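For reference, the structure is listed below as structure tokens.
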Amino acid sequence: MATLKEKLIAPVAEEEATIPNNKITVVGVGQVGMACAISILGKSLADELALVDVLEDKLKGEMMDLQHGSLFLQTPKIVADKDYSVTANSKIVVVTAGVRQQEGESRLNLVQRNVNVFKFIIPQIVKYSPDCIIIVVSNPVDILTYVTWKLSGLPKHRVIGSGCNLDSARFRYLMAEKLGIHPSSCHGWILGEHGDSSVAVWSGVNVAGVSLQELNPEMGTDNDSENWKEVHKMVVESAYEVIKLKGYTNWAIGLSVADLIESMLKNLSRIHPVSTMVKGMYGIENEVFLSLPCILNARGLTSVINQKLKDDEVAQLKKSADTLWDIQKDLKDL
């Protein structure tokens with residue numbers, strides 16, 4: 001007796017399992033992981049989305065909730081499991097998992113606890129998707145990108161930290177607000193370490209090719225009557241303020257990660273400030289990851305732009321590199 005489905009649908013091609021073309025995995029379904037997931041779905045970047053976490057109920061609930069929105073999305077398959085086999089054949093894996101910093105906890109201690117989490121996660125990712133590109137989002141992102149690179153054995157062009165992509169987006173938004181224009185028309189770069197010791201490259205800030213520092217030579221310095229330096233200070237403080245107000249940040253970082261993925265999956269060769277291995281650049285001698293303007297395309301992070309930096313900016317980069325290496329050199333089990 002033919003089923004309703006058999007009566008309704010006459011097959012033309014043989015049914016066979018197809019390997020996804022643009023599968024994306026998000027590891028960790030906390031606030032940041034789910035913001036990445038919804039941003040990826042909203043931009044229709046994946047033909048399959050996989051979610052992984054250790055919390056099975058939360059994981060299943062998030063998966064079902066997204067699946068129920070399938071009518072409004074163009075991603076035909078949304079799957080989730082605590083077993084990493086669900087991630088097989090991913091093009092891109094986004095890592096948002098990790099432990100939170102406890103009050104009074106040193107960064108070294110926080111990083112070491114995250115190393116122990118990553119020691120479980122990273123080998124599993126590589127086992128099931130040996131050709132994937134990994135985007136690390138968990139904080140402290142620059143150190144955890146190094147940790148991921150070490151644990152994965154992947155070439156450095158396939159291990160990328162979300163780095164200063166969001167810091168630069170915040171910077172451009174805040175400057176554009178002051179000027180009354182759209183952030184996409186206000187160009188500026190924040191480089192180096194994600195967070196407190198990031199470097200604002202004032203010499204490169206421009207609107208329609210007009211250098212703002214040429215109009216105001218004191219821009220970014222303490223002598224600036226318009227106090228543009230405050231904009232960079234606001235970038236650094238903005239995450240803390242959002243956390244104070246709502247408990248965490250998630251939407252902007254989710255959108256920022258989807259932006260990086262779009263550049264790679266669509267082979268756009270756009271330039272983003274993301275965390276990459278900077279040994280040998282700007283006189284940095286250790287294996288640390290910091291954000292520089294990088295070209296992202298289908299192969300991953302394929303090139304770095306040689307940004308003209310001033311001496312004090314290079315000094316800041318080196319200082320960040322030393323700070324990171326101080327922590328990295330004491331990490332166990334890498």
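Just so it is clear, glycine is given a Cβ too, placed from its N, Cα and C backbone atoms.
The 10 Å shell around the Cβ of ALA2 (N-acetylalanine) contains 7 further Cβ atoms across the protein chains shown. DSSP assigns ALA2 (N-acetylalanine) to coil, not to a helix or a strand. Annotation comment: Swiss-Prot describes ALA2 as N-acetylalanine, evidence class similarity to another entry.
Residues or ranges marked as N6-acetyllysine in Swiss-Prot (evidence: similarity to another entry): LYS7 (among others). Cβ environment of LYS7 (N6-acetyllysine): no same-chain residue six or more positions apart lies under 8 Å away. According to its DSSP assignment, LYS7 (N6-acetyllysine) is helical.
Residues or ranges marked as NAD(+) binding site by Swiss-Prot on the basis of similarity to another entry: 30-58, ARG100, ASN139. When Cβ atoms from all protein chains are considered, those within 10 Å of ILE38 (NAD(+) binding site) total 19, not counting its own.
Taking the Cβ of SER44 (phosphoserine) as centre and 10 Å as the limit, one finds 12 other Cβ atoms among all the protein chains shown. Feature annotation from Swiss-Prot assigns phosphoserine to SER44; the stated evidence is similarity to another entry.
Long-range Cβ proximity for LYS58 (NAD(+) binding site), meaning a same-chain Cβ under 8 A and a gap of 6 or more residues, is found for VAL29. In three-state terms derived from DSSP, LYS58 (NAD(+) binding site) belongs to a helical segment. Look at Swiss-Prot and you will find LYS58 (among others) tagged as N6-acetyllysine.
If you look up Swiss-Prot, you'll see ARG107, ASN139, ARG170, THR249 marked as substrate binding site, on the strength of similarity to another entry. Using a 10 Å Cβ-Cβ cutoff, THR249 (substrate binding site) registers 19 neighbours.
Residues or ranges marked as N6-acetyllysine in Swiss-Prot (evidence: similarity to another entry): LYS119 (among others). DSSP assigns LYS119 (N6-acetyllysine) to a helix.
Remark: HIS194 (active site, proton acceptor) has ASN139, PRO140, VAL141, ASP142, GLY161, SER162, GLY163, CYS164, LEU166, ASP167, SER275, SER291 as non-local neighbours, by Cβ distance under 8 Å and separation of at least 6 in sequence. The active site, proton acceptor annotation in Swiss-Prot covers HIS194.
For TYR240 (phosphotyrosine), applying a Cβ distance below 8 Å and a minimum sequence separation of six or more within one chain yields no residues. If you look up Swiss-Prot, you'll see TYR240 marked as phosphotyrosine.
LYS329 (N6-acetyllysine): 9 other CB atoms within 10 A of its CB, across all protein chains. LYS329 (N6-acetyllysine) carries neither a helix nor a strand DSSP state and counts as coil. Residues or ranges marked as N6-acetyllysine in Swiss-Prot (evidence: similarity to another entry): LYS329 (among others).
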For ALA50 (NAD(+) binding site): DSSP state (helix, strand, coil): strand
ARG170 (substrate binding site) to ILE38 (NAD(+) binding site) - Cα separation in whole Å: 20
Among ALA2, GLY30, ALA46, VAL54, LYS329, which are recorded as recorded positions, the nearest neighbour of ARG107 (substrate binding site) by Cα: LYS329
Cβ neighbour count (within 10 Å, all chains shown) around ARG170 (substrate binding site): 21
LYS119 (N6-acetyllysine) versus LYS329 (N6-acetyllysine) - Cα distance in angstrom: 17
Cβ packing number for ASN139 (substrate binding site), 10 Å threshold: 23
